Amino acid sequence: MKIRSLKEKINADRENFRDSNKNLDENDKSVKKRFKKIQIVALISFASILVVLILTRSGNVSINSITKKAAGNPKKAIITLISLFAVKSLTIIIPLPSLYLASGMLFETINAVLVSYLGLAVTLTIPYVLGRWSGTEEINYIKKKYPKIEKVIEMQERNEFLASFIIRLIGWFPCDVLSFYFGACKTNYIKYIMSSLLGASIGVITNTLLGDVILNPLSWQFMAMLVTKILISIYVVGITYLVNKDKNPKK
């Protein structure tokens, strides 16, 4: 009887161990999937950096190096710029305005603006995709690190499209953080990308057009673009003030 009860206990322990392993596997499935997807994104990012280094050869990714080595070769110029936009989505080293300026210097006006929009779409998409793969833990982390995100949530509850548009317009948060957040919220991609591109339009167009005339700073075109940027900056500061203004009535 003792031997039988011992066997039953061993069998029961085995069953419990199997059940615990099953639960562990189920809980870890989502984590493993996210890890694999992040690995893929990291690989793509590494490939983008490699492409940029190969195309520039010297590892120098300044505006001058891009324009000098890609001038006269539209395909090379587009690949280089889009690769830099992809790298930009995961780093703060490369400022977006410099890429818009490079686009304006390399292409005719209309083509330059289109390339800038295409590059920005890439920059906005990569963190968004990473956000789609994330969970509530990541959203909570963003809320703790960026308390002002609560204002975004308030606007988002009223009108998701308008919230994305306004936040891009005033540049309230880092580009990658905001993209990651909207991805984590499972915002519809078409709605997200369209509102984001529209909100960023002022910066995209003015900086790209500025690149077309930057080599002639004494021209009236350059001065007009400079004044336009200053006026737009004042306008955006005004919007930022209104959004940040305390809504509580004065006592």
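We number each residue from 1, going along the chain as drawn.
For all residues, glycine too, the Cβ spot is worked out from N, Cα and C.
What TrEMBL records for 38-57 (among others) is transmembrane segment.
According to TrEMBL, the feature transmembrane segment maps to 77-102 (among others).
Annotated domain 'VTT' per TrEMBL: 95-212, in sequence order.
According to TrEMBL, the feature transmembrane segment maps to 109-130 (among others).
Under 8 Å from some Cβ of the transmembrane segment (161-182) lie the Cβ atoms of residues 89-90, 92, 96, 123-128, 130-131, 134, 138-139, 142, 146, 148-149, 152, 155, 191-192, 194-196, 198-200, 202-203, 236, 239-240, 243, all in the same chain and six or more residues away from its ends. Under the heading transmembrane segment, TrEMBL lists 161-182 (among others).
For 189-210 (among others), the entry in TrEMBL reads transmembrane segment. Same-chain residues lying 6+ beyond the ends of the transmembrane segment (189-210) with a Cβ under 8 Å from its Cβ atoms: 96-97, 100-101, 103-104, 109, 112-113, 116-117, 120-121, 124-125, 128, 160-169, 171, 179, 182-183, 222, 225-226, 228-229, 232, 236.
Residues annotated as transmembrane segment in TrEMBL: 222-243 (among others).
Secondary structure counts, DSSP: the domain 'VTT' (95-212) has 99 helix, 0 strand, 19 coil.
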